[in-house]
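Colleague: As annotated in TrEMBL:
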DOMAIN    27-146  domain 'DOMON'
DOMAIN    399-473  domain 'Cytochrome b5 heme-binding'
SIGNAL    1-18  signal peptide
TRANSMEM  223-240  transmembrane segment
TRANSMEM  260-284  transmembrane segment
TRANSMEM  296-315  transmembrane segment
TRANSMEM  327-345  transmembrane segment
Ligand SMILES: *[C@@H]1O[C@H](CO)[C@@H](O)[C@H](O)[C@H]1NC(C)=O
Ligand SMILES: *[C@@H]1O[C@H](CO)[C@@H](O)[C@H](O)[C@H]1NC(C)=O
Ligand SMILES: *[C@@H]1O[C@H](CO)[C@@H](O)[C@H](O)[C@H]1NC(C)=O
Ligand SMILES: *[C@@H]1O[C@H](CO)[C@@H](O)[C@H](O)[C@H]1NC(C)=O
Ligand SMILES: *[C@@H]1O[C@H](CO)[C@@H](O)[C@H](O)[C@H]1NC(C)=O
Ligand SMILES: *[C@@H]1O[C@H](CO)[C@@H](O)[C@H](O)[C@H]1NC(C)=O
Ligand SMILES: *[C@@H]1O[C@H](CO)[C@@H](O)[C@H](O)[C@H]1NC(C)=O
Ligand SMILES: *[C@@H]1O[C@H](CO)[C@@H](O)[C@H](O)[C@H]1NC(C)=O
Ligand SMILES: *[C@@H]1O[C@H](CO)[C@@H](O)[C@H](O)[C@H]1NC(C)=O
């Protein structure tokens, strides 16, 4: 009992002796208080007309507020409890037992300054709508005010602040510490986002769009993408968590900024998902249609994120009111636009604007050409066959593209059509795929690559490959003659089969060696370039040196039945022969077949790894030919006929034509099979006549022992090539033994 009286007495003395304490919340608002007994009297000192208020233990949510307001010249004190960002109601209006527990004890308005004393109990007993004020404890505290004369209605605050307040009994023990994170958090957010969206995001896009052939492109793209994702979402979340103002309370700039920010987060998250999907399909699947959708969505989202991202920077720096920073951002926009424009121009037009090609290796290779002109064939580099052997033995990721060798090791994983397409063509000549003559995807229709895709090839070139020696020789020592740009004149054309034209060409510059020396030339092709309409079209036609007329005569001499009419005598031994199937919807074949004698052909070649022989053919080989796909094999079969192959050489040849009318040279093949015995093993199929029968997996297995095959070639339309390829590989043929011509 004695102790109770003593402590009550002590408290009384203590409290009554508490002094008036004041703190400055902001230059326009100072707060004072005096604790007496169990009540506290706050002094509001606001240098304006309108309202000013304080809040305990929070910022907007679950915050107990006391407001001094001057409406129509009359002061009022309100007790409020805020649960959200909306305008809070007064406690008494809230019901549920909430009461207004503050009294305005004095007020004045002098020289535009509002002064008011508001008292309440430290513990009002209103547990729902008031917090207990505990002197001596540091608490989360906020204040806000609105400067406005003749305020009619409680309005959104114009200034807001928060921090830590200690309501002490004397001046020395009390303080207000403005929240240190307030402001600096926004500043960090601004700086982070500026770096992300002005530097990293554009870099991320540039890497994958303009540097596709490098390893860096993908890894850099992914890394930067995730950094941008992480920082953007993290930073936006931090700001969101601060939970400061209601949407309605935001200024326009802030409103746009915040909504664009949220949309950006959605975009970058979607980016990460579509990016991962795209990559998965690129690397592991063989489904072009899904890949295409993923990739396009990813690309569209990428640009859709970058542009609002950049716009949001402007709003951000607008809000901060930092004009220097904003101008710097504008300057960066300009630099970025110029850089992107340059890269895009290079991407699209580097074939026209030479200075934009910065493959120094290619420049050196091209420059070196004139010096080597004298003996172009031998000195210009290794031959296709030598390089092909290297590719196979050293497991190099290289492909041929006309007279160039491309290093696709970095490009494989970024090939927009999927990695499998490149993996399948390692060691092949990819000209036919790039220029839309053949297709490697599940789609039968071939895909003529876009101009930017073709421009990109310049960056992949690592070497020049020699044109095959022994087929064509120069008639003069003219330095400017170039195998890459030969002009030939059409001297004769006739139908060798329905729809297939025999085209005979002669040149004043080039002599034809017949038979050519060596074996390298077998199965190669010529590139034909023509400007048709507005576009330049490139197509590839097989090299076939054997004179069918001569062969037929030899065969007849040996007693074989050979149709007389179709193999006509050539105009001269010094002519080049092409056999071209005329497709009604084929731009180039129609053009070439409809040219009249005397017209010019622009040829390049011979190109490609061909059948890949550097010495007399040996071992067990298989060829699969559909239609004019038979051409690359005819020279080989004639070698069998003529006995210029090794004794252990054996060719299994599957030939398919739609009908007898379309076919040619079948009688020569059959004669060779009869003459040579084991060296040629034919399987002929004529669809319409139902001769021979289509190949099936069973028939194939019976016909040839797959593990014994040392080389296999397929030459036909894309669908045929894919079908044979899958049949052979599913039966265990190693992919690198198979060559698609
Ligand atoms: C204080 O109020 C004056 C006008 O009354 C205003 O110009 C000034 O910006 C205010 N200061 C702060 C820190 O808000
Ligand atoms: C209100 O604040 C101003 C400026 O801080 C000060 O000059 C003035 O004395 C204060 N008035 C009262 C009654 O505390
Ligand atoms: C506020 O005023 C009411 C009556 O006007 C009084 O009963 C109450 O004690 C006062 N509260 C304080 C904290 O002064
Ligand atoms: C202020 O109050 C604190 C306790 O709240 C006390 O420790 C301190 O001595 C007081 N200072 C003065 C100058 O009275
Ligand atoms: C060849 O290289 C590829 C990747 O470039 C690799 O996956 C494969 O295992 C290699 N093969 C051999 C036989 O080394
Ligand atoms: C191809 O490029 C990769 C990476 O740039 C390199 O490691 C490799 O040696 C290159 N291959 C050839 C044959 O140049
Ligand atoms: C090809 O040769 C012709 C002359 O025969 C020449 O006019 C043309 O510029 C050459 N084209 C290229 C790409 O070298
Ligand atoms: C055929 O063989 C003979 C002798 O074996 C040879 O002289 C001739 O050049 C060969 N013809 C062809 C086209 O290979
Ligand atoms: C084909 O391979 C088998 C073993 O798989 C072997 O016994 C046979 O002699 C080979 N045939 C030829 C012609 O090489």
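A Cβ is built for glycine as well, from the same backbone N, Cα and C atoms used for every other residue.
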Colleague: Over the domain 'Cytochrome b5 heme-binding' (399-473), work out the mean pLDDT and round it to an integer.
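Modeller: Its mean pLDDT is 84.
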Colleague: Other than its close neighbours in sequence, what residues sit by the transmembrane segment (296-315), given a CB gap under 8 Å and a spacing of at least six beyond its ends?
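Modeller: Same-chain contacts beyond the ends: 193-194, 196-198, 201-202, 205, 253-254, 256-257, 260-261, 263-264, 267-268, 270-271, 274-275, 277-278, 326, 329-330, 333, 336.
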Colleague: Determine how many residues of the domain 'DOMON' (27-146) DSSP places in helix, in strand and in coil.
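Modeller: Going by DSSP assignments, the domain 'DOMON' (27-146) contains 4 helix, 68 strand, 48 coil.
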Colleague: When you scan the chain for residues with a C-beta under 8 Å from the transmembrane segment (223-240), skipping those not six or more beyond its ends, what do you find?
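Modeller: Non-local partners: 185-186, 188-189, 192-193, 196-197, 200-201, 203-204, 207, 258, 261-262, 264-265, 268-269, 271-272, 275.
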